[in-house]
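Below is one structure, written out as C-alpha cells, with a few remarks after it.
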Amino acid sequence: GSWDVHLQPLLGFGLLVTFLARYRLGSVAISILVVAFVIQWAVLIQGFLYSFQNGKIVVGAQSMVSANLCTMAVLISTGAVLGRINPVQTLLMTLLEVTIFTLNEFILLSLMGVRDSGGSLTVHTFGAYFGLMVSRILHQPRMDGRQEEQDKGHQADGFAVAGTIYLWIFWPSFISAPTFCGTTEPWAVLNTHFSLAASTLATFVLSPILHEEGTLWMVQLQDATLASVAMMGMAGEMLVTPFGALTAGFLAGLVPLLGSRFLMPFLRSRLKIQDTCGIHNIHGLPGVLGTLLGTLLAALATADAYGDRLQVVFPEVAQGTRTATGQGLLQLCALPLTLLLATLGGCLTG
C-alpha cells in the first residue's frame, strides 16, 4: 500500500502536467522537485504534530504515507499556476502550503475525528482552493485565454495515456493505504474501481454532445479519472454500495466536462482566476461533492450495516462517544473550515 502511495505523485501526477506544449518536460521536472522537497518538509512538520516523543521525531511507514498525501495536495495546487511561476516561487509556495495543509489535517483528523482516508477534503478540496487563491492573487491581465489555449496540446499524448493508466492501477490501493486494517481494504478498492469505471463511461457519453468535432481527447479521460477518485476519497472506506459508487462516479465524470465548458470561462472573465490545469473542475468541485457524500454516509452509518468494520471506519460511533448524526455533522463542518484555511493560506502565499 505505502509503495503505491509513493508511486502515485511521481507516475500519476508527474505525467499529468505534460499537456502544456511549451512546458512539457519542464512541468515534469517541477513535479519531481516538488515531490523531493515536500517529502522532507512534510515529514518534519507532521512529525512535530503527530509523533514527537522525548525530543525526537519518530519516523515510520505511516510517515511516508502522510507525506505523500501532502505531496498530492501541493501538486494539485501547482496545477493552477503551472507555467506562470518559476521553480523558486514554487518552492516558496510549497513551504507555506505544507505547513497550512498539516495544520488543517491535524485539526480535522486528530482534534475533530473526521474520517477522510482518501483525502476528498484534506487533499483534493484543500489543494484545489489553495492553488486557485494563489492564482487569483497572481492574476496577469496581459495573459489572455487564446494564448493559454494554444499552449495546450490536445493530441492523444503518450504521457497522458501513461499517467491515466497509472492512476487506474494505483489509486484504489492509494485510497485504502491510510486505513489498511485487514478487513477494510476491499471496500475502498471496490468502491474506487466502480467509480473509475462509471466516470470513464460518463465522459464517453457527454463529450460528443458538448464538443461538435466529436473526438475524445485523452486529457478528458484523465480529468474524469481524477474527478472520480476525488469524489470517492472520503466515502471510499464507507458502505457506498456498488450502485452508489457507480452513480457517484458517473456524476463525477460529468463535472470536468461541464465545468470546463461553462464554469471555466466564468472563473477567467468574472473572477479573474487563471486555472492552467482546470483543477477547480477536476479536484475542487468533485472534492466538495465527495465530502457531501461522505457526510451523508457517516450520518446513515449503523452497527447493523457495518458490523465489525464500524470500529475501524467510525471508532467514536462504535464506542458510543458520538452518534452517527454527530459524526455526519462534524464531517460537514470540516468543509467550510478547510475552505477557509485553504483560501486564507492561498491569499497569504500569493
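Cβ atoms here come from the backbone N, Cα and C positions, even for glycine.
Heads up, TrEMBL stuff is auto-annotated, nobody curated it.
Now, the feature entries from TrEMBL:
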type	residues	note
DOMAIN	11-347	domain 'Ammonium transporter AmtB-like'
TRANSMEM	30-52	transmembrane segment
TRANSMEM	64-83	transmembrane segment
TRANSMEM	90-112	transmembrane segment
TRANSMEM	118-138	transmembrane segment
TRANSMEM	159-180	transmembrane segment
TRANSMEM	192-210	transmembrane segment
TRANSMEM	242-264	transmembrane segment
TRANSMEM	285-307	transmembrane segment
TRANSMEM	327-348	transmembrane segment
Open item on the list: Please determine whether the transmembrane segment (30-52) and the transmembrane segment (90-112) are in contact (criterion: at least three Cβ-Cβ distances under 8 Å, sequence separation 6 or more).
Closed with: yes
TODO: Could you give the residue numbers and ranges of same-chain residues that sit at least 6 residues beyond the transmembrane segment (242-264) on either side and whose C-beta is under 8 angstroms from one of its C-beta atoms?
DONE: 190-192, 194-203, 206-207, 210, 220, 223-224, 226-228, 230-232, 235, 275, 278, 280-282, 285-286, 289-290, 293
Open item on the list: Can you work out which residues elsewhere in the same chain, 6+ from the ends of the transmembrane segment (285-307), have a Cβ less than 8 Å from its Cβ atoms?
Closed with: 115-116, 120-121, 123-125, 128, 226-228, 230-235, 238-240, 248, 251-252, 255-256, 259, 313-314, 317-318, 324-325, 327-329, 331-332, 334-335
TODO: Report, as numbers and ranges, which residues of the same chain sit near the transmembrane segment (192-210): CB under 8 Å and 6 or more residues beyond its ends.
DONE: 118, 168, 171-172, 175-176, 216, 220-221, 223-225, 227-229, 231-232, 236, 242, 245-254, 256-258, 261
